[in-house]
Structure formats: C-alpha cells, structure tokens
C-alpha cells in the first residue's frame, strides 16, 4: 500500500529526515515510535505531501506519488489526521466532517459509520469545532478523515493531549474500523498504550532514520526507545 | 418631519450601499487570501468601462452590466494566474505590487479608451415625496447591496465551495491534506472578489463619471470599511457598512458633505483604536462571553 | 577606527574597507557635482536628495523595526506646512530657523501621538499600515478644504486645494539657501542622517529594534519594552519625514494637500521596497534613481511613462522581493566566493 | 509553614480557557529561591500555557501570580522580565538571521555595556561551548547548539528564576547530559531558581530537586522524583497504562 | 490659411529681423543665462495628458501644438523657428514644479504655458515670480492674480458669472442656491455669486461647498429641494463632481442650473446621457459649438490636425490665441527678450481670436472677453445668447496696474466687497 524509499526532507534547510525506508502492506496497522524531535511528524507531512522531500520516493497503492500535491494524494485515498487536533475551529462539526468528503474521490461518504463510532459528533453537529474539548476535537479529526473512507489512514500522535480513557476508546475504535473496512493505518506515537493497543508492527525512529523494526510490540524495547 | 426622516433614511441607504458595494470585492480578497489590493479601484474601473462600452455598443443596460462583471472576472482570473498567486499572505508586498498594477491599469485604460467615455444615463427615474425626490435607482442599489451580502452569506455558509474556502482560509495545509485543491479555491475566491468589484463598477457606471481614475473614489471607503470590519468578510463588512453609513448619513444630513466625510473617517480611526480586531473581534468576544454565560 | 566601530555592524551591509572607499568617492562626487552641473541640474538633484531623507525615514521604521507606515507623507506634509506657517509669519533668518525647528518638532509630536495611539492601543501589522494611510488621507481631506480666509494663521493662509504659497527659503547665517547652497545643505543633512542612522542601527538600541522586527514577542521576553521601542522608532521616522518636508517646502516655496494623497503616500513605500527595505543606502539610491527615472519619462511626454513605472514596480516585487540593494550585495558577496557571514568583518577590520 | 522562606514564585488558582478548552485549571504552584523544579505531564496537560501565564504572554481568566514578593498580575512580559524572570521557549526561537554573537549580545546588553559587554559575550560563548560558532548565523546552528544558545540568552539576563520549556527536546543523550550539567552549574554557582518543563525522565531525574506533575490542567502531585515516579496515578496518566 | 490677425504681420516681420537678433544677444533674457540659442524661439507648454486633468489638458496641448505649427509654417517668430518643449506633468503638482524649473532653468524657454488647475498655477507661481518668467495661464479661473510676469488670459469668475447670474435672475427669479467645489476657486466664485446677486437685487438662500473627492450627492440634492430656490448656481469642479448632474437628473431635480464650470471645459453635454444637463446655463468665452466664421474655421483646422480629438474646449482656444498673441507681441518688440515682450504686451494687444476680436488689458494682464451664455436643453443641444463684451473690471477697481506698479499678489473679492 505504502512504500517509502530513502526519504530525505528538511525544514528551512535543517535536515530532519535522513533516509527513511519503510513499507506498509494493505490492511496492516503500523506504528512509528520515537522521541520528540525524531522526525515523526515530518515523516507524516512528507507522506501526505505537505512537505516536499529533498530526495527519495513515496509509492502509494502502486503509484509513485512523490511529486503529487497533497490534495491529489488525499483524493487518491490518503486520510490524514494532523497533530494537535488540527480541526477547523470556526467551522461546525458537520462542516468539518464535510471537508473529509473529498478524501478518496468517488468513495462513498460514511457519515452513519462515523456517527456510530463517535456518537458525540452527531450530538454536536451544529457546534463550532473550536469550542469542543481536546478529546472531542481529536474524535472529530479522526471522524473527518474516516468520512471519505480512505485506503490509508495517517495518524500523527493521536494521543497527544487527550485523556487516557478517550485514548483507549479511540485506539479501539480505530482498530475496529481498520478491521471492518480493511483500512491500512500508519501512525506515529510516543504513547505506549496506543502503540500496544493498535500496532501490529512497529518502526523505531531516531534522528530522522528508522533504526529498528519490531515485528510485534516488544514492550520493554519500546519503552527504552521512548526513554521514559 | 416625516420627510426629514425619509431623507435621512434614503441617505443612509445610499451611504450603506456605496460603502458595502465599494468594499465587498476588496473584503473577500483581503479576508480570504491576505492580499491588500490597492488596484481594487481599477477592478471597479474594468467593470464600469465594460458596462459603459458594451452599452455604447448597443446592448441593453442589464446585459451590459453582465458584460462588465464578466470582463472584470476574466481580468481578475488572468491576474491571479500571473501575478497574485505569488503574493498570497504577503500583504505588504501585495500592497506595493498592486499599486504598480493600479498605475499600469489606469494609464492603459487612458491609452486604450481616451480620457473619458460617454456616459450611460441613470435608469429608473425618481421617487417623490413632498418637496423632495430621490433617485429610484439608488434605492435599488441599496437593495442589491443587501442581496449581495445575503448571497455571499449563502455561498460561504451553505455551499461546498464556501465550506472549502473557509477551511482553506483558516488552515491551508490541513485543507489541502483533506483533498481540497486549494489552488483552485484561491483562484475561485479571487475570481469572486474580482466579480464583485466588477459588479460595483457595473452598478455605479450610470451614476459616476467615466474616467480612468474613477476607481480612486471607491478606495478610501473600501479600505476604511475593511479595517473597521475586521477579519470576517461578511459580518465585518455589513456591520462596518452599517456603522459608517449611519455616521456618514447623519453628519452629512446635519452639517454637510465635508463634515460627513470627516466624521466617517474619524469614526473609523476611533473604531480601529478601540477595536484592534475590528467589529468582528467585538462580535467574537461577545459570543464567547455569551457562550460562557450559557454553560 | 573608533568611528568605524560605531558605523559598522551586522545591521548594515557595506562594512569593508572597499565599501568605505567607494562611499567616500561617491560623497566627493556629490560634493563636486555643482562645479560641473547647471543650476537647474543641481536644484533638481537637491529635490531627489531631500526625497531620500523621506525614503530613509520609512526605511528605518519599516526595514529595521518592521513597521510599514503608509503615512510617512503625513509627517512630511505637516513638517512642510508648519515651516511655511512660521516662515511666512517671520520671514527672517531666525524666523526660518525657527520654522525648521517647529516644522520638525510638530511632525515629531504628531508621529509620537499617532504612534502612542496605535502601539499602546494594540494596533498591529497590516492594520498599522492601513491606519497610517487613513490618517494621511484624513489630513488630505482636511487640508483640501482650508481654502477659506478663516484658515489662515497670521499671514499664512493654508490655501486649501490650491496650497500654501510664498513660503520663504531657508536661511542660514543670513544666507538664503537656494540652488547650490541649498543643494549642499541637503547633501550634508542627508549624509548626516545616513551616518546617524547607521550608527543607530548598529547600536544597542538598533539591535533591539531589529530584534523587534525579527520577533517582537521573543524580544519582549528578553525584557525589552517593545512598544516603547516601536514608538521611539516611529517618532524618529516622523521627525526625519518632517525634516524632509521642511526642506521640500523651502525647495519649492510651496506646499499643497497633494503631499497627503495616496499617490504621493505610495512613493516612499515604492522607493524603500525597490531599494531593499533593510538597506539604508538602497533606500537612498532607489529614491534618487526612481525619481530621476520617472522625471525623465515624464519629460519624454510619453503616454507610456506611468505604465513603465508601474510595471517596474510590479516586476521588482515579484522577482526581487527583498529589493535591489540586498540582491546586489548578495551577488557581490557570491562573487567574492566568501561565505557571507554577516558581522564577521566587524572584527576582522 | 511559617518557617519556610517566602516563595520566589507563587501562582494562586490560575485558570485559562480557550473556547471550550480549559488549559489550566486552578493551578497553584510555588517555587522557592534557588530551587530546581521540574514540571512534567503528558502533552496537552497545560504546561506551556502555565508558562505563558507566568511570563504574561497570556492573561489568565482567573487567579493571580506573585513573584519575588510582589503581585505581577497585569504587568506586561518585559516588566516581569525586569523583575528577574527569564524564559527559554519550547521551540528554539533564537533570531535566525543574527549570528550567535549577536543573539547573545542582544540579551547581554540588557545588563552590561562597553568592555564589560565584550567580556560577557566571550564568557558566555565559552561557558555554553559556542565559541567556534561565534559568527555563524543562528539558522545554520544545529538543534543542540540552538538550544544551548537560547539557554545562554535566557540566563544572560541574570534572572532569579529561569523558566525552561523542554530544553533538551530532540537532543542526544550526550547533549542532554551536557545541558543538565550546565543548568546545575548555573543553579549552584549563581543560585538561579529553575522551573523546567521536560519529558525526558533521565534529564528530570538528573536535574530536579522536586517535581510537579500536571495533568488535564491541574496539579496531580508534587514531590521528589522518586516518590512521584512510583505514584500509581502518575504512572497511569504519564505512561498510559495500568501498573 | 485663414488670416487670423488684423495687422499685416508677415510683411513687417522681416524688417524686425536684424534688429531683433542683436537685441536678443544684448539682453539675453531675465535668467541671465549664458546659453541662448539665437536661432530658435523656445516655448514651453506644460499641459496634462495623463492623470486626473488629462480630460481638460489634452486639447490645450493639442491647440498649442497647432498654433506653433501654424506659426512655424508661416516662418516662425522673428524669422526664427519655434522649438516646443512639452513634457507631460501628469496632473501631478510636484511634477509641475520639477518641470517648470527645468523649462525655466535648463531649457530657458522664452515663454511658458502651463497648468489647468489653479493648484498647478499656484504650485509654480513662486518659481515664475522668482525667475521672472513670462507665463500664460489660460484656464478660466477665480480671478485676481496680479503678477508682473503672469498673463492669466482665461475668463475670470467675474466675467463668466457676470454673464450668467444676472440673466438667470431675470429669467427665473431672485432666490439662488450655490453649490461649489470646496477650494479657492469655488469659494471665490461663491463670493462672486453673492456680489452679483446683491447688485441685481437677488439673494443667495443657500450655499454648500463640496470637497473635491465627493462623488455622492444625495444629501446635497435634498438640501436644494428643501430650500427650493429659483435656480442653482453650480461651480462644481472635477470628475467626481461631474457625477452630480447624472444624480440630479435621476433624482428628478429639475431646477435650472447656472454654471461657470460645465460643458466648455469638460464637454459634459457630450459625455453625459441626456437629460443630465437639461436647463443648464453656462457663461463661456468660447465653445467649439459657437457658430461664427472664425470659430468654424478654427474648429475645422483643429480636427484636421487632430482627427481623433474628442473635443476642443474653451481653454484650448485660450492657449491657441495666446500663443499667437505672444508671437504678435514678440514681433512688435522685435525680440523674444521677456522683459521687452511683456512691455509690448502691456501696451495692449488686440487679437482676432476664434471667439471674436478681443483685447489684452495691459494694466491687469487680463483679457476682455466675449462672454456668451450657452444653454443646454433636455437633449443637450446647445444654443448661445446674450453675448456681452466684459472686461477685467475687478482688478482695475482694486488698482492693479502692473506697468506702473509691478507686484505679485492675488486680490480677493472679500478685500473689496462687503460679503
């Protein structure tokens, strides 16, 4: 589904990714773990296309999308959930969800499914997204990406700033959804419980490189990498 | 007494229509894409010239106005592709660049069409009341101003384009990552802003003098209103238009045109000082307070 | 050397010995210009040089403190009008000197009040720009209607749209400053302003000023009172613009409200953005070059003159967004193939 | 209680809301003079908001702050800095187009001038091991160098309390250790109190005398690192797992 | 070619030739210049061809070119070819100053024609006086300028309003409402309306001065309706103000209007859609529609030379006759030395202009003009009537006599009349 080869990227000429290789198979849920500053968010931005890589290739669904702009990638089936609950604060919940419709062009909009996963979103349809709590905004961000039934879901630190109970609930929902709809998921995270609950396979990232691949979640190893 | 009130009302409608119509195109472009378009007056010029020239060529007035709007839209779209897209969210640079554009446009209009065009007469006659009468067309203009605001509200709030445009304005990268072709949204929004400026030119073509400098007479009101209005294009423009219209009409009525104009500008300066975020900021904080109270 | 330590620093581009040698040559050339040029050419050059002071006034507040004022001409005009009022009423040597002082003083005060009003009122960024423009336009509207005889201060009628006539020439030590004498005075004032501003931007205060431009919040968290810095710089800009206006009034013996209009208001912004907003010398050069060029164009009488001026502006912003002087400096330093680490030469000297 | 010296910093029931989000919820925090304190908690716990409330970049919806015996509510940031606060941001925000030297100078010139300023710059450069980078534009510095430069700038103001937001984020183990050593040295030599937000537990262990855990905008627990780390509630929120 | 002037110029010119040439080198102009090209006569013309006043300025420039070409074809002035310096001041007062300096100091013009607006004239007036430059200002204006080297040859407010106000009082009644542009010209014109009203037993019942950048007139129209005058005197100026007439028509304000500013300068009767100017009366010394032999011949020559020109306005005629008048005076003086030419002009010159035969009043440097009242009907068709020959009375009353008493003053009606 997704294959990244020797990806280099930088912010303002400061290199952040220094040759990332990773691949995700169809239907798989893969986690990328690493400390702050390891380059996880940059990796996600490069995959969705918000950051132009310096070199390397990104293949999605058998196509080379390295030079495609992000909106084309999204319409091609990538659903992206940005870090820090990047919803549109002055748009209502429903309008936020509607923005997700463009993902995976031609796919059917799945409002029912989303409302089923996150009933609170239906309740708050008319409310402005910016006035909701952090957890609710995170659900909205996830729901928004799911509306368009993406083939590949990209999650950037879904647990950040969210209550543990909601984190757990959300991990579960995402896992369930992936199973039900055979959606491939790539997420980056430093919260152990999310990694535990979701990942079938794990990459460990340090200083812009993948330093280790863990077949299943090896709890202790992961913990040392997070250096808690 | 009743006639005086009617006079004041008509003058308010007149000011309101002028302020709103002078502003909307600029407000859409500034509010949505952070371009301070000093060539705004020249967009209006294109609309007015398009209308007057095609009326002169024999088209009925309504159709001629359509041509004016269309010409301005095309003008705007071409500029977006060639110039404006390099200036998004560089408001200060955009100011200098569009000033250059304004000089060029005015002078090319002069070279192309001479110092003046022969004028379209104002249609629709007048409304009489007591010793007074008022141009019916100007009352219609006020109606159109309101209609423009309402349709913009509908467009931005209830259509897919509107939602996408608002999302793009708020957070362009995220909108793009949701599959929105933000380049097209920008193009469309700029086209819309241009069309609105063109509409203003078309509507006022029968009432103002056709010279290449005609755009300048809209510029001050437009800028003042945008600033007083603040970040929200619609709410800001309508409220600022209303506020400045009342100030202008009242003082003009009481003390003459000059005082009316100065009062309006001073009111604007005070408003900017007291509400650095514009009227929109005031509304936002009021809403926030109400929301808090409600919880 | 000690002078060089004051004038050189990381906030100005030309700091090498070669730069100063070239600068000295240029000054000598300007000083010698009246010896070879006609009276007309000298008087004309004086106009461009006094405009350059107006250009510098914007350069220092926009380029070095990040505040784009679209209303520098308001201070320029107020300085000029005030000089006129005082000068007409007291048409003596001390009278015009007093006119110079009050002209600059009133412009400075006006800038201070406006700056206080804005910066301490939380007006920021592009709103400052539009606000300054609106203020200039308000003054424009006001001055345009001062035609009546009630708008006279002593002997000096404001004159409305027609403007104020019979403004006397500046006098220094009993000598009326016209033509060549005026040129030398303007040249020296400009030179003083330039060197003074160089010293300022490379001083502790200047560094703080540039820090405000780069990141106002960060600078405040280093303990700098950024509002005060902005107010001081804005006031200084107003004073320089006022000075330029006084010289202008003396040059043409005339002021009119067009100096507050949007067309003239745009000019300093044009000069500075073309020259390079953080280059003092760029601002001077661009002012001179642009004014000279557009005057030449108007002399041709070509109907395309304004098209060319506008087009150049557009092209410069699109292709040289940082302005001509920085582009030239970059190009020169690339040619020297030394990595351009600014500030290095300061110590190497 | 009465025996304790007056705290250097004391916040009283600070509350800050953004729209519907409560970022800090009645936080009362005290820091004593010369103390080394760490503030930990998961992302989004309100740590950075608390910091901005202390520096005055944000105004609280409720609550008050005292610093060095005075109420500082309503003072603008620069006035608070003048009273002896200093801050280093989460994301290094050095002046990218200035050289290392210029960055340092900008901070040091607040205190000293002339010869003394020269000496202070040289001193600071060597103390924070930036002498080789003196004329390098800050944009071109490595992440670790930027972090050090910013700590150098913050401490250049000779503050009584230094606020540091994630000073070692994204640094290597060696660099982290170096920063810890620098900060401890600074604390011990001039007696500056430190309030540090950090995720890196090794660093926190090395540095902190006391630790405050913030969660969901309020203080969960406060105490010595060992006690805090063993607290089940902390392990729950921080590591997201039942222990 | 139509023989425009009554004196047999071409026969006398050669006689002056030798003397003229030596005269020039001897006096070498007031500027004390070293460079005086004895082979040409240098004329400077600054008329706006771009910017806000291009509408009015362009035909002034065109007739200037026409006049100079005619003179050159006939052998120039004093046998010397006329060289024209005609940069475009772009309606920009600052540019006016720069260019005037250039024309005086560098091109050393023998005579200068410059400016449409009073503001442009005032901008350069200090320079003109400082360098004692012979200068012709040709626009109709508020009047009162009494400067020793300036010849304001356009009709003054006194002349224009003096033609139209009494006529309208007689025709429609004594209650007058004045609207005028809010600057010197408008205010002084307003004063003249009051003076003329008083002289003719009428009264100004309302007066409004309108800033030049106003283009919306709803409230003004209401005020006029409220006052209900017998007629309106409009001294509105500029393109923004022109909008008044359209707005007046659409608001149904059908009170007759008298004016000194419409039609003859900006040809509003051609540009605006009827009936915007219905029942408009304007006092003019010339319009291209004036149907006399001299006028028709002039119009024909003009459009032969400038087939694309939209209109030939009153001021353009003034440029045209005054250039010929200058040539005449220089011929008579036998030199282009400015002092000598001014002295010759001050003796009084009679000239056959397209508007008719008119005289220069040597004392005041103003022209006696043939004033007519042009009337536009609801189709904007023009008729002319009530022709009078009106002199520069006001300046004579205040004692402006430049040959005896050289001065640089602008007299205001308020200084003489009790307003």
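Placed from the backbone N, Cα and C atoms, the Cβ positions cover glycine too.
All TrEMBL annotations are machine predictions without curation.
Lifted from TrEMBL, the feature list:
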type	residues	note
TRANSMEM	C:20-42	transmembrane segment
TRANSMEM	C:48-66	transmembrane segment
TRANSMEM	C:73-91	transmembrane segment
TRANSMEM	C:97-119	transmembrane segment
TRANSMEM	C:126-143	transmembrane segment
TRANSMEM	C:181-201	transmembrane segment
TRANSMEM	C:231-251	transmembrane segment
TRANSMEM	C:257-274	transmembrane segment
TRANSMEM	C:304-321	transmembrane segment
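Each of C:20-42, C:48-66, C:73-91, C:97-119, C:257-274 was scored by its Cβ pairs under 8 Å to the transmembrane segment (C:181-201), and the highest score goes to C:48-66. Between the transmembrane segment (C:73-91) and the listed ranges C:97-119, C:126-143, C:231-251, C:257-274, C:304-321, the one holding the most Cβ pairs under 8 Å is C:231-251. A Cβ distance under 8 Å defines the sequence-distant neighbours of the transmembrane segment (C:20-42), meaning residues of its chain 6+ beyond its ends; these are 4, 14, 179-180, 183-184, 187, 191. Taking residue pairs at least 6 apart in sequence, the transmembrane segment (C:126-143) and the transmembrane segment (C:48-66) share fewer than three C-beta contacts under 8 angstroms. When each of the listed stretches C:97-119, C:126-143, C:257-274, C:304-321 is scored by C-beta pairs under 8 angstroms to the transmembrane segment (C:231-251), C:97-119 comes out highest. Remote same-chain residues near the transmembrane segment (C:97-119) are listed as 74-76, 78-80, 82-87, 90, 128, 131-132, 135, 168, 170-172, 227, 230-231, 234-235, 237-239, 241-243, 245-246, 249 (criterion: CB distance under 8 Å, separation of at least six residues from the stretch ends).
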